[in-house]
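Report on the following structure.
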């Protein structure tokens with residue numbers, strides 16, 4: 001049964017108020033500090049810097065993070081990406097302040113006792129905080145200018161706020177080397193404060209009154225459609241969704257922003273502008289966490305490709321940044337180079353990059369170029385490449401990735417706002433069918449020769465689960481047990497994917513309701529965490545094979561636990577079973593290590609086999625989940641737990657035919673034509689339908705829903721030609737507006753008249769609409785349009801008891817109202833989680849239109865359409 005949980009976009013009011021106020025307070029704090037420093041000549045330090053950093057993290061970071069969450073749920077592409085980006089910015093800047101206060105310039109950093117003295121090199125004299133901050137600030141300056149330009153297509157307040165943030169960052173960066181820039185930065189930050197307060201007030205009043213009181217929103221500086229025209233040839237490349245998904249905003253722009261900032265900071269480092277990577281690791285860690293959020297929202301949208309891509313990219317940036325942090329902070333790079341030659345985690349990233357490139361061949365050219373740059377980047381990070389010439393090559397690869405990601409950020413934002421391919425992104429290199437045929441070819445040859453079934457049970461997050469475990473396994477390969485430098489360098493590449501990011505995989509498995517699916521990543525996260533603790537960090541904490549009795553007991557316990565996981569995995573597919581079997585062998589290796597009796601070549605072989613299994617599992621899961629087919633073989637389950645009981649489910653309380661069957665449509669149409677009330681799918685949420693020819697059926701709708709009599713019911717027609725045949729007294733402007741919003745999730749309220757009877761409303765004339773007006777909708781759903789053609793106009797209202805959430809699945813309609821209905825047309829999950837947007841058009845020629853209810857179509861989008869139509873009419 002589908003859960004009724006979840007909120008529609010309209011329920012979130014105006015999260016931009018929270019985001020703008022977070023920017024206002026953060027900018028005001030920096031403004032006060034800049035003016036104070038310029039006046040006294042004393043820079044903030046110690047407790048003052050720490051307090052400033054904490055405030056920036058809590059207000060600019062966490063508060064704006066909440067605003068970004070709500071903006072994504074409100075289907076606000078620009079707001080979601082901007083607020084999460086600035087949340088990362090202020091959090092990173094605040095972290096820099098704290099690090100700067102803890103380790104002021106030219107202060108020697110030493111530790112004095114025990115093995116802890118190995119953690120920091122005595123040759124490292126100071127943290128290059130200023131240089132590291134410049135790298136991050138310059139990256140965010142570029143992103144802020146892009147966000148400012150894109151926001152000009154939405155309203156004319158945000159461009160000034162985001163543009164002022166970009167300029168403030170410019171002078172904040174300059175001020176790190178010259179105090180004269182503090183005054184300029186402070187003045188610009190005052191502009192942020194003033195514009196931000198005005199914007200927050202305007203949106204707050206709009207949220208309270210449901211109309212714009214103060215100017216600045218609702219009308220953009222220029223129409224986004226002026227940036228280009230739709231490219232029909234690339235329409236398929238914009239997205240792989242079979243139907244429009246407006247439950248959450250598109251996270252591609254946020255993911256591309258993260259792929260801009262991280263390589264930009266790395267490029268600064270590899271070109272020699274940064275001496276250590278302490279602050280750089282902090283900045284990259286924060287923006288990479290935002291990239292995990294873009295992966296999460298891709299998962300919520302059911303987009304397996306971007307879920308995997310952004311998750312893998314975030315994993316890459318986290319691992320590489322913390323590896324460089326360990327190298328530059330705890331070790332001497334020259335002495336550690338020999339140890340790095342024995343590390344193989346970079347090879348797994350390379351094959352994952354190649355896999356993503358293969359899967360993107362049916363997408364647009366820009367996406368393929370991004371994946372090609374990622375292949376170059378992962379190749380440059382392979383540790384077996386000699387250091388001579390490696391750093392310039394890495395810097396060039398990071399620069400290429402930054403440039404492509406910056407363009408992709410701009411394109412994805414503009415194309416999302418305009419809902420058209422306004423910015424060129426290229427055509428598909430290969431059709432989806434051709435890619436599917438290519439992936440299926442190997443399976444067909446194998447199954448023909450072996451005659452094996454090819455069942456899978458791949459789900460959306462499975463590919464990321466295999467990637468995390470495969471990377472941890474390949475990175476855990478050690479050619480010797482007596483190289484502490486290699487062990488220390490291996491900590492990030494095993495701990496981050498194996499334990500930390502795998503907990504994120506566990507989270508999205510829980511989100512999907514897969515009870516067994518979340519057990520595996522949780523257990524294996526604990527396994528890799530224990531592996532890292534003992535094998536790689538043990539020498540730092542005086543823990544070794546000789547004094548690890550607790551780990552011995554834990555290994556034995558995990559052997560028993562994993563045996564049960566193997567039994568459960570055997571009911572899924574062969575790949576998962578092989579993976580759990582390999583983990584069992586790795587646990588034996590772990591146990592033998594604690595007993596000081598480990599054959600190292602055996603462990604290396606098992607880790608290699610485990611990595612190969614995980615790579616194949618990731619590729620097959622991604623391909624099968626992307627296309628919803630068994631394209632790559634994962635093997636059948638060894639046994640299926642079939643219930644011995646007969647099907648004892650109770651029959652549905654009403655007739656429930658399937659929507660894809662013609663007989664099902666005829667059944668519901670016959671019921672409606674005899675005066676019945678039925679549940680039907682629409683292009684938004686499920687609805688109750690009654691024939692307009694049967695007023696008693698419309699009255700029954702009120703009783704079924706407990707709907708107040710003063711609330712009118714709208715009517716649905718199949719096309720505008722029906723309305724033209726009725727010849728209503730509609731102005732040319734209204735005709736043009738309706739032609740632009742129909743079919744779709746917008747309902748237009750127009751003046752009522754006798755023409756409704758010509759439309760086929762008949763005896764239900766007095767039961768629909770109000771005395772003077774009626775709302776008419778033309779749905780964008782083939783099933784419902786065919787049904788209306790069979791029945792004539794239908795009286796429609798949402799299929800939920802009054803005051804409760806809308807029904808987004810036919811199971812919800814059946815369970816809540818099925819006992820009161822004669823039938824429910826079953827069409828699975830609805831396209832939306834919220835009803836249509838209602839527009840009052842009764843005075844369109846005199847005073848324009850009024851948004852009475854914002855639904856699945858954003859009010860700004862409706863107003864944009866109206867302004868375009870009105871300007872064209874003039």
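Cβ coordinates come from backbone N, Cα and C, glycine included.
Of the given residue ranges 94-114, 157-177, 220-240, TrEMBL assigns the label transmembrane segment to 157-177. Looking at 490-509, 550-569, 630-649, the stretch flagged in TrEMBL as transmembrane segment turns out to be 550-569. Counting Cβ pairs closer than 8 Å and at least 6 residues apart in sequence, the transmembrane segment (600-623) and the transmembrane segment (550-569) reach fewer than three and form no contact. Contact between the transmembrane segment (368-387) and the transmembrane segment (518-538) is not supported, since fewer than 3 Cβ pairs fall under 8 Å when only residues 6 or more apart in sequence are counted.
Nonlocal intrachain contacts for the transmembrane segment (16-38), taken as residues 6+ away from its ends with a CB within less than 8 angstroms of a stretch CB, comprise 44, 52, 55-56, 59-60, 63-64, 66-68, 70-71, 76, 79, 82-83, 86-87, 90, 161, 165, 168, 172, 175, 179, 182-183, 185-186, 189-190, 192-193, 196-197, 199-200, 203-204, 207. Taking Cβ pairs closer than 8 Å, the transmembrane segment (518-538) reaches residues 465, 468-469, 472, 476, 478, 487-488, 490-491, 494-495, 497-500, 502-503, 505-506, 509-510, 544, 548, 551, 554, 558, 561-562, 565, 568-569, 580, 583, 586-587, 590, 593-594 in its own chain, all 6 or more past its ends. Tertiary neighbourhood of the transmembrane segment (183-205): same-chain residues 14, 16-17, 20-21, 23-24, 27-28, 30-31, 34-35, 38, 157-158, 160-161, 164-165, 167-168, 171-172, 174-175, 212-217, selected by CB-CB distance under 8 Å and a gap of 6+ residues from either end.
Across the domain 'YrdC-like' (662-857), the model assigns an average pLDDT of 89.
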